[in-house]
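Undergrad: I have a structure here, written as structure tokens, and I will follow up with some questions on it.
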Amino acid sequence: MCNRSSCPLANSQYATIKEEKGQCFLYMKVIERAAFPAKMWEKVKLSKNYEKALDQIDENLIYWPRFLRHKCKQRFTKITQYLIRMRKLVLKRQRKLVPLSRKVEQREKRKEEKALMAAQLDNAIEKELLERLKQGTYGDIYNFPVHAFDKALEQQNEESESEEEEEEEEEEEDVGSREFVADDEVEESDLSDFEDMNRLKTSSDEEEEEASEEEEMEVQMTKLSRSKGKAPAKGSAARKKRAYVEIEYEQETEPGPKNRTT
Amino acid sequence: MDITDVSVSRGKKSKKMKNKKPQKKNEREEASGAEKEEEEKKKMNQSESATALPSTSHLHQVKNKQRRHLMFIKLKQEKKKQRMQLRKKKKKEREALGDKAPPKEIPKTIENQRVYDETAVDPEDEEVAFDEGTDEFSSYFNGLTNPKVLITTSDRPRGRTVRFCEQLATVIPNAYVYYRRGLALKRIIPQCVARDFTYLVVINEDRKVPNGMVLCHLPEGPTAHFKVSNVRLRKELKRRGKDPTQHYPEVILNNFTTRLGHSIGRLFAALFPQDPQFVGRQVATFHNQRDFIFFRFHRYIFKNEKKVGIQELGPRFTLKLRSLQKGTFDSKFGEYEWVLKRHEMDACRRKFQL
């Protein structure tokens with residue numbers, strides 16, 4: 001037990017201010033009621049007005065020691081100040097603290113990692129970009145679509161389509177578009193008379209064919225100058241651009257005259 | 001190391017073993033021992049493995065933890081070896097059969113096994129198309145409004161968050177960063193609307209790291225609240241390119257399948273201007289995988305029509321949707337269209353919302 005003048009246990013005459021739910025009360029204890037513990041403290045409700053409440057304190061604690069009165073008023077002032085601040089804070093933005101559960105966070109982190117692995121982002125992005133390129137959303141910025149067209153065409157070549165379609169398509173393509181062709185495919189000499197020479201391919205089989213074709217061609221060209229009716233037909237056959245032109249032998253041109261006799 | 005751990009793989013009897021009480025341990029030991037001997041004999045007969053299997057029947061009897069652990073590891077290695085042998089055998093069989101081999105089984109993934117969501121959007125759904133034509137984004141998608149984005153943070157942001165906001169502002173064209181200085185969002189919003197902003201992005205910070213994002217579409221638009229994780233700033237990225245230019249990037253939205261996913265996708269799409277400048281060759285990707293939205297920013301280059309190279313620029317982060325609110329940001333009186341309820345929604349591993 002202490003013996004200071006601000007201790008309620010040491011002093012039989014004592015007064016404080018307490019607040020309950022925003023309401024301030026003045027509590028007083030006197031020696032006459034020390035025998036009745038249940039009724040020891042006298043509770044007085046103070047008005048909400050600051051000055052009036054101070055007057056109330058003065059009026060209730062008249063003839064009480066100066067120290068107690070002063071202390072009560074001080075306490076009351078402090079209480080009213082913090083009540084005001086509480087009311088102001090409620091109006092402002094309040095930071096809400098949300099508790100994190102560590103288990104949940106760890107679970108989510110792991111799920112995220114797995115999802116990232118499953119997503120394969122780079123591949124997905126690349127695929128999407130290529131799709132957009134194919135669909136033509138980029139318009140004419142890139143020259144690539146022509147390449148795709150060419151490749152599709154070459155495939156059709158091997159599947160043996162008719163030559164006319166080929167020629168038409170190739171002509172349409174060649175107009176205005178740029179192709180990047182491999183070096184061995186480009187014939188640098190200007191032998192445009194022999195159209196087959198322009199389409200010289202690198203494969204050995206075709207080279208053989210071409211070589212034999214060239215020979216036939218030369219032979220036939222000489223023949224052309226001699227024979228009359230049949231030659232143009234044969235000549236046009238010889239001028240076909242195809243890689244797999246049938247090899248014609250000299251003997252075939254001769255049946256012509258034989259027929260005439262019979 | 002319980003006996004049951006080992007015997008599960010052995011046979012049907014092992015499951016019954018699990019249920020028996022420890023009082024019947026002796027019986028169990030004997031039974032399981034007998035069963036194991038049987039199994040071993042069978043395996044010997046089948047002659048799958050030339051060597052005898054390690055006697056694991058003593059695993060639970062060894063009192064020394066370290067030695068028991070070593071035995072267990074050896075057991076695991078044996079099992080793995082057998083599995084590899086089995087796989088090789090299967091592969092050989094498959095090759096031997098050639099064309100006649102049965103088709104390869106598709107492994108089950110979470111994406112394969114996803115629980116069918118009835119709100120999944122059909123591409124030709126008319127109702128959805130009508131809804132999307134008349135919702136809050138219609139003015140954007142009809143080309144009437146241009147996006148103008150305001151990026152801000154919570155109170156007193158730390159360096160990382162500030163840098164993140166700056167980098168976001170370079171990624172999103174027409175974006176402005178303003179400091180919060182303790183202003184109330186509800187007061188900021190009318191001012192933004194007055195100055196013709198279409199988007200408000202608030203990055204929330206916790207412990208010096210950005211961890212939340214509120215994306216608010218301004219003229220009466222929906223507000224989405226995300227959890228942000230795994231933020232990587234530009235200098236933390238490996239093999240990154242130079243800074244992004246001012247060209248408008250393209251937008252890729254992947255895997256937004258349900259109605260909710262669609263609306264979130266439109267929310268993201270409306271951040272960027274409608275006409276991307278292909279000259280810039282920049283692309284911003286929002287990829288949804290298992291309800292996590294991954295954001296990446298790349299520069300691409302087409303090497304030929306079959307190959308494209310991408311190089312990561314800008315920041316990367318992942319988002320997880322926490323709630324979608326109908327009006328502008330109002331945490332107390334707002335009408336929530338969708339809220340993440342962990343107990344309901346996270347219960348099933350194969351069920352996703354977006």
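Positions of Cβ are set from backbone N, Cα and C atoms, glycine also.
When I checked TrEMBL for this same protein, it listed these features:
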type	residues	note
COMPBIAS	B:10-23	compositional bias 'Basic residues'
COMPBIAS	B:24-45	compositional bias 'Basic and acidic residues'
COMPBIAS	B:46-59	compositional bias 'Polar residues'
COMPBIAS	B:78-92	compositional bias 'Basic residues'
COMPBIAS	B:93-105	compositional bias 'Basic and acidic residues'
DOMAIN	B:147-330	domain 'Brix'
REGION	B:1-66	region 'Disordered'
REGION	B:78-105	region 'Disordered'
Undergrad: When DSSP states are grouped into helix, strand and coil, how many residues of the compositional bias 'Basic and acidic residues' (B:93-105) land in each?
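TA: Here the numbers are 8 helix, 0 strand, 5 coil.
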Undergrad: Per DSSP, what is the residue tally for the compositional bias 'Basic residues' (B:78-92) in helix, strand and coil?
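TA: Taking the compositional bias 'Basic residues' (B:78-92) as a whole: 15 helix, 0 strand, 0 coil.
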Undergrad: Averaging the per-residue pLDDT over the domain 'Brix' (B:147-330), what integer do you get?
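TA: So the average pLDDT across the domain 'Brix' (B:147-330) works out to 90.
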